[in-house]
Structures are given as C-alpha cells and as structure tokens.
Amino acid sequence: MRVVYLVLVVAVIIAITEAKSVKKSKTRSPKHPRHRTLADDYKLNRISAKYCKDYDDSCKAFGKIAKKDKKSCFNNPDKARMACPVSCKLCDKKTFHKKSKLSDVVVVRAMCVDIEVDQCNPDVCYTNPDWATENCRKTCMLCKPDIRGPCDTDPRCPFWGQYGYCSTATYIDNHCPYNCDVYSYVPEAPQPYPLPIEPLYAYQPLPYPTAPPGVTPATLPPYYENAPQPTYAPGAQYPAATAAPAPSAPGATAAPAPSAPGATAAPAPSAPEATAAPAPSAPEATAAPAPSAPEATAAPAPAPEAAPSEPEAAPAPAPEMAPAPAPEMAPAPEAASAPAPEAAPAPEAASAPAPEAAPAPEAASAPAPEAASAPAPEAAPAPEAASAPAPEAAPAPEAAPSEQPMPGKKSKSKPSKRKGVKKSKSGHKRHH
C-alpha cells in the first residue's frame, strides 16, 4: 500500500511541473499585436515623414469618411497605414527643434521646400494641416523659400500676419515666428481673432479664416505671388451676422396688423344701411336681397338651432336694437304658435302689398325658407321700417284676416276638432 501511495504522489508532482513549463513557454512566445482601430495603438501606427505618401486615388474620399462608419480610417487600420497614411493623418513629425529663451516657444528650423510637390496645393494647407506643415512648407508660405530658417507650425499664419493678429494672442505669436516677423509693420487688429484657434481634438478640421469686413490685407513678400487659400467657401458652422435682419421682420408685420380690423369695421355699418332702403319697397325688393342672402347664410346657420333671435341682434348691432324687436314680439300671438320666432317680421312685409291678396299664400310659402335662412340682416332694419309706415298700420288688421285664412284656420281647426271629439265622446256615452 505504501508503494502505491508513493507512486501516486510522484505522478502528481510530475504533472504539476509539466503544467508550469507549458505556461512559461507560452508566455515567452512573441505576441503579434492586433490593431482593432487606429485609436487602440495610435503611436504604433505613426509613419515617418519620408515614407508617408498616399498610394491610392481614392484616399481623399477614404480620409473624409466619418469616424463612426465601418469604412473609415479608424475601422480599417491596415488600409490606412499601407495605402492612405496622408489622408488618414498618420504621418509622424520629425523636425529639428531649438528652444528659445521662453520655455513655451518652440522654433522649428528646417529647409523651406515642398517634399511632395505633386500633392501640395492650397487646399491641403487647411484640409490636412499636420501633413502640410511638414511636406508643403513653401506652398503654405510657412518660411522663406529655399533657406533653412524659422518655420511656422500653423497654416493660418500667413493670414494672421496680413491682418495684424500676431499681437492679439500668444498662440499666434509663438507658432508663427516667420510671418509675424515679415508683417511686423502691420498695425494690430482692433479685435482678437473671432474663430477658435486651437482644435478641440486631434482630428477636428481647422476653421477656414475669413477676412474681417472693411480691412485690406498687407502686401505679400516679393518672393510669394499668391497666398494659400482654399478654393471653396468657409465652413457653415461659423455663419455671418444673420440675426440682425430678424427683428426688423416682425416690426413690419406689426404695423399693418391694426389697420386690417379698421378696414373691415368701416364697411360693416354700410351693409345694413343698404338693406334698410329696399325693405319698405315693393316685392321687387325681395329679388334684390336674394344675392345678399348667401352672404348672410354663414351667420344664421346656428341661429335656428339656438331658437332665440334676440342674442344674435344684441352682439352684431348697437344695444338699442335689442329692445326694438321686443314690443313687436309681444302682441303677436301667432308667433308663439308659429314654428320659429323669426316669423314675426314676415307679416310686416306682407302688410305693404295689401291689395294683392291672391298671390299672398304663394309668396308666404316662397319666402318662408328665405326668412329662415337669412333673418339676421333683415332683422336689423325691421324696426326702422315699422317706424316709418306707422299710420298705415290701421288698415292692416282688416287685411290680416283676409290674407291669412290658411294659417289662422289651421291653428283654430285644432281646438275645434278637439271640441268635436268631446261631443262625439259625450254622444257615444249618451247612446250607451
């Protein structure tokens, strides 16, 4: 038993030692770095300026793709390093620096030439500033041509020097030693540079400089003909003063606003005056207000549903019109039995053509729907017409029973039938 126990212990020890040796061999084996994105190993992806070139025609479009897109430089590090290092901004800066007396000022001394002559143009100075300051110093006017001397480290230095911004900010004075020296005679700008000078992050495009209004730039040095400027307009994220004309627009609209209601109030009283004139006229006047009826249809549409005609006359005309129709409605007993109180002005219109008793029932049937559809405008002049023919109202009661036999008989026939029913009922009772 002891021998078996010792054999097991030895086997376990051997297994443990072999496992440790395997782990050591794995740790010593070299690991190949896996670059998922450019941000993971940004320092390892930097390429020296001598070999930093674009080898593909589609690199410009490839470098402008957004960072979140799967086809961007960040998500395709192999293509960015091998084919498009310039457009993806992977070029390394290796220049000779000499510190001046001020610890925060760095003066770059290098040969002022264009290393990549084919790719250097005015647009590159602003679209890819890091690469342009190393490979396109002459095109971007960052130093004196063909001489080793101080060089600017920002492509906007020529613009800042021409307009006198060198002494307005320490960043401009420190990063633009050449152009600030060339344009030292230019007076200081009245205001500091309005746009942001330093980018918020490494891949943020620089805002294109725009000349201030009313300021002329200084003349260029004799060895430069044209200043580097982009061929397209500046970015829209820095708009001009568009808020100035905005307050003037509401002021112009506010002025005609009060005039509009005044213009509508003027023709309002003129309309009832025109209707008051044809009211006392012959039945020809009924044909004249026919076109005016559709205009009033919009107002009296809710009137028959609301039943009372007095609330309609109260808000539209003056308060004097409210008591006028009240006495006319009281003596008319037929108005209560009639379907609507609007029938009150109907007998007044019929009182004028008294001799024409024969066509009276036809006229009563025709204007009945018209009076219901447009009573609002005719109700206003009703009291005025009644006040004028006051003496003629005396013969009116004689014509009333002759002209209105039909409506009167219909109203009286109902109680007469009821009496007959009672008699018949009483007669039946007697027979029983």
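The backbone N, Cα and C atoms fix where each Cβ goes, glycine too.
Looking up Cys125 in Swiss-Prot gives a disulphide bond to a cysteine among Cys140, Cys143, Cys151, identified as Cys140. Per Swiss-Prot, the cysteine from Cys143, Cys151, Cys166, Cys176 that shares a disulfide bond with Cys157 is Cys176. Around the Cβ of Cys157 (disulfide bond), 27 further Cβ atoms fall within 10 Å across all displayed protein chains. Annotation note: Cys73 (disulfide bond) sits in a coil segment as assigned by DSSP. The shortest Cα-Cα distance between Cys176 (disulfide bond) and any of the disulfide-bonded residues Cys52, Cys59, Cys88, Cys125, Cys166 is the one to Cys166. Taking CA atoms as the reference points, Cys73 (disulfide bond) and Cys157 (disulfide bond) are 29 Å apart. Considering only the disulfide-bonded residues Cys52, Cys59, Cys84, Cys91, Cys157, Cys180, the residues lying within 10 A of Cys140 (disulfide bond) on a C-alpha to C-alpha basis are Cys157.
Neighbour counts were taken as the number of other C-beta atoms within 10 angstroms of each residue's C-beta; across the disulfide-bonded residues Cys73, Cys88, Cys125, Cys166, Cys176, the minimum falls on Cys166.
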